[in-house]
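Novice: Have a look at this one before I ask anything.
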C-alpha cells in the first residue's frame, strides 16, 4: 500500500518516530467539496452528502444512476468509483485525498530498533477458560506464592495486572482480568498485549462452551497456548479425558507427539504452580520476546477509571521503551504529563520498563481502555493527536458499514481469507452450514470458520468478530435489540438466517464481489399483545389481537415497545384457541410464539413483514 506524506514524515523523525511540527499540517482534516472545478473527497458519501457538497439536485443524481441500471435512495452510499462516475457526468474533475487519522498515525509510527538495542522482556500472560474451572483461583495462588502475607493483604489498588517471579527470580506479567472477553476487547482495538494464553480446564469437568470460545479467541490471535489441567486434587479428576477432548482443537501434549505444553496441577493445593511458571518462561525464551528499553515508551491501557484526588487514571502495560514520570502521553482522546505512577502494591515509581504494569495519572480527560499509549516530546503534537481521536469518534456513525468495506476489500483483492462466525439453534444446524461452507469454491479466496457454537449471539462473539474481521451469522435464532446495538456500535456485520442454502449463497456472492440484493420491507400485519403465557417447552406465548392486515406463520417480525424495536425474529407458531393455524386475519385473536424472544410484555406491538427484492446490485 502506498504511504502518504504524513507517514513518511513520522517515520523520518530522528528520535523514535516522534511527529515533527511540519507533520501537523498533514493531520488537519481534508475538506470535502468543490474547489476550482475539482471535487475533493476522502471516501464514500451518501447521495444526500454528495448533493450538498456539489449543489447538484438529489433527483438528478438518482436519475443518473437509475439510467445506468442502479436504483438508489437519498441515503444510499456512493462508492469511490460511483463518486468518480458522478463527477465525470456532472462536469467536475475529481481527486481523492487520504486523510491521516489517529489510528493510522498511532499504528504506523515505525520504530526501527536494531538488534543490538533489544533486550529480553518478561512474557505477558492472560489466563482463560470456562467459568468455575479455577481461573481466578489460579491467579490468586500464583500471586500468593510471590508476595508476603502482609503485601498480599495490603494491596491498595487493583491495576489489572501484576508481576511475579519464579524460583530463579525471573519475571512474568499476568493480566488479572481473566476471561476471553477482555482479551478480545483489547484485540478488537488493535492491541497485541498478551504474549501467551494459559488455558485452564478442570480435570473433573472437561471441555465446556467457554473453553471452546477461549480456544477460538486465542487461535484467532495466533497466541501460543499452555494448557493447565486444574483440580487434579479431586478424586474424580480425569486428565486423559481432557487431553482427548483437546485433541480435536489441535492442542496435543508433547508426550502424545504434539507441540502444546500441558501442566497438571491444582490451584487449591499449589500443585504444578512452579512447573507452570517455568514453562511460561521457557516458552517466552523460545518465542524471544524483546524490547528496546531506552526508547520513548509505548504500550496499552488495560483499564481506565476516575480516582478521587487524581482524576482520570489509566492502568497500562508498557510494551516498548521506559515510561517515566513527566512523560507526555497520548491515550485515545486523552493526553497529559505522567503525574503519578504506582505498581500493583501501591508503591510509588519513577519509571516502568517493558512488560511492567503500572497505574498512571495526569490525563486531561478520561482515556479509553484497550487503546495504545505513546509518549511524545511535544505537548502540542500530543494534543493534536488526541483531538484527532475525538473527531473520528464523532464521525464514526457516518463511516462505511463493515459489509461494504469488506466487499471493497474483496474487489480490490486485499482479502484472501474471509473469517466466519456461526451461532445456531442446534448442532445439526452448525454441521449443515459447515458442510455448505466447505462446498463453496471461489478462486483465490478461502473461507475460515473461526468459531461455531450453539446458542444466542453474545457480546463476546461480537468482539471476536470485530477483532478478526469476521462476518457473524445467527442460524434460526432471533436477535435482541441490545445485541444489535452492540454490533452496530462496534461496526460488526451481523445477520440472522433461517435458510442455510440462502446463507451459503450469500457468502458465495460476497466472495465473488457482489453486493447484497436491495430489499424492501413490506408490512403484512400488526398485532397487539393482550395476555402472556409461559410453556416449559415452547417458552413465551403472546395472546394477541390482530389490529391490521394478517399474520402468517413463518413471517419475519419486529417487536415494538413504546415505538422502539425490542426484538427482531420470526413467528414460529400461530394458534387460534388451541388449534395451530397458518394465518390469522384482522380482528381475530391468536397465540403467537416468536423464535428466541424472551422479553415480551402486555401492550407490545408485533409487526409482521416480508422482504421483497427491489434490485440486485454489483460492485
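From the backbone N, Cα and C atoms, a Cβ is placed for every residue, glycine too.
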Novice: Swiss-Prot tags one of 226-229, 230-233, 234-237 as region 'G4' - which one?
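Specialist: Result: 230-233 is the stretch Swiss-Prot calls region 'G4'.
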Novice: For the annotation region 'G2' in Swiss-Prot, which listed range does it cover: 149-153, 154-158, 159-163, 164-168?
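Specialist: Feature region 'G2' in Swiss-Prot: residues 154-158.
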Novice: Any idea which of 140-143, 144-147, 172-175, 176-179 is down as region 'G3' in Swiss-Prot?
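Specialist: Matching range for region 'G3': 176-179.
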Novice: Out of 129-136, 185-192, 193-200, let me know the one Swiss-Prot marks region 'G1'.
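Specialist: Comparing 129-136, 185-192, 193-200 with Swiss-Prot, region 'G1' matches 129-136.
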Novice: Could you give the residue numbers and ranges of same-chain residues that sit at least 6 residues beyond the region 'G4' (230-233) on either side and whose C-beta is under 8 angstroms from one of its C-beta atoms?
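Specialist: Tertiary neighbours of the region 'G4' (230-233) are 133-134, 137-138, 200-205, 239, 264-269, 271-272.
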Novice: Determine how many residues of the region 'G4' (230-233) DSSP places in helix, in strand and in coil.
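Specialist: So the counts come to 0 helix, 1 strand, 3 coil.
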Novice: For residue 232 (GTP binding site), which residues in the same chain are close in space, meaning a Cβ under 8 Å from its Cβ, but six or more apart along the sequence?
Specialist: 203, 239, 264, 265, 266, 271, 272
